[in-house]
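Record features (TrEMBL):
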type: ACT_SITE; residues: GLU127; note: active site, proton donor
type: BINDING; residues: CYS12, CYS97, CYS191; note: [4Fe-4S] cluster binding site
type: BINDING; residues: HIS43, HIS75, HIS125, THR163, SER219, SER220, ASN221, SER264; note: (2E)-4-hydroxy-3-methylbut-2-enyl diphosphate binding site
type: BINDING; residues: HIS43, HIS75, HIS125, SER219, SER220, ASN221, SER264; note: isopentenyl diphosphate binding site
type: BINDING; residues: HIS43, HIS75, HIS125, SER219, SER220, ASN221, SER264; note: dimethylallyl diphosphate binding site
Amino acid sequence: MKVTLADYSGFCFGVEKAITTTFEELDHKDKSQKIFSLGPLIHNVQVVKELEERGVMVTEDIGSIQEGSVIIRSHGVPKSVYETADKMTLTLIDATCPFVKRIQTIVEEYYKKGYAIAIIGNPQHPEVIGINGWCDNKALIIQEEKEVENVPDVDKLCIVVQTTMSIAQFEKISAVLEKKARLVTKFNTICSATKQRQKAAKDLAEKVDAMIVIGGYHSSNTQKLVSICNDIRPEATFHVETSKDLPVEALKQYDLVGVTAGASTPKWVINEIIQKLRNI
Ligand code: F3S
């Protein structure tokens, strides 16, 4: 079996930055200092466990923290979290990815200018929940084209998109959404890491017999990679989190296997899976 790894697999720049910032903070903290992460730092069980062992406590609610430092992960948070931290004199370690920060800034600016805000993305995803918190939670959040029917007509509309959405989905939904307003300002805020990763996965899927997509089962950017590969290799795309999930028997029939990985996947997980594939 020949195994090829797609370009731009594994940690993206935003996740790398969040992890480096957190570990630097842990190296310098004194023993009495408490460090919290608002939600798990990344979608990777092993990394979250290691952080826990080093004293990072995961909480979903900033209101439950009395003292210490709070890490904001790369997904970002609503504006109210900054206000709460300020009131409670908590130290913020802000690891919001610059691509997400840019969306929050756009949304805040256009909301203040009187635009209705539309976010194309998953309403349950922390990044989208965070962005919505920069326009008083008034954004129209659209995940599927059919939901646009329920969107009321507005005068001015600002459209942004979750950083990890697929370009095809963004174009399809925004084209229909644009008809709902007299004046539209549209920003393609899909991050460059996502675009590169999706393109590399698509290119590789076209050249191989089967694709392995590595990443958390709940990771949004990994799910998008699965869907892109599935479109090209519907019978031969396999989503795995660790080497234990590899469907060894099913893979024996393939000569050329491609591998890609979501933005929260550590290098050692990718290497372990490639090694196991090569031994098949
Ligand atoms: Fe940032 Fe894009 Fe990664 S938004 S966290 S660089 S997937």
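Any Cβ shown, glycine's included, is placed from N, Cα and C.
Unlike curated entries, TrEMBL annotations are predicted automatically.
Keep in mind the model is a prediction, meaning the values are calculated, not measured.
What TrEMBL annotates, mapped onto the structure for a quick look.
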{"residue": "CYS12", "record": "[4Fe-4S] cluster binding site", "Cβ contacts under 8 Å, 6 or more apart": "CYS191, ALA193, THR194, ARG197, ASN221, ALA263"}
{"residue": "HIS43", "record": "(2E)-4-hydroxy-3-methylbut-2-enyl diphosphate binding site", "Cβ contacts under 8 Å, 6 or more apart": "GLY215, GLY216, HIS218, SER219, THR222, GLY262, SER264"}
{"residue": "HIS75", "record": "(2E)-4-hydroxy-3-methylbut-2-enyl diphosphate binding site", "Cβ contacts under 8 Å, 6 or more apart": "GLY39, THR96, CYS97, VAL100, HIS125, PRO126, GLU127, GLY130"}
{"residue": "THR163", "record": "(2E)-4-hydroxy-3-methylbut-2-enyl diphosphate binding site", "Cβ contacts under 8 Å, 6 or more apart": "CYS97, PHE99, VAL100, ILE103, GLU127, THR189, ILE190, CYS191, THR194"}
{"residue": "SER220", "record": "(2E)-4-hydroxy-3-methylbut-2-enyl diphosphate binding site", "Cβ contacts under 8 Å, 6 or more apart": "ASN122, HIS125, GLU127, GLN162, THR164"}
Reduced DSSP assignment, ASN221 ((2E)-4-hydroxy-3-methylbut-2-enyl diphosphate binding site): helix
Where the C-beta lies under 6 angstroms from ligand 1, the matching binding-site residues among CYS97, CYS191, SER219: CYS97, CYS191
Beyond the site residues HIS43, HIS75, HIS125, SER219, SER220, ASN221, SER264: chain residues whose C-beta lies within 8 Å of the centroid, for isopentenyl diphosphate: GLU127, THR164, GLY216, HIS218, THR222, GLY262, ALA263
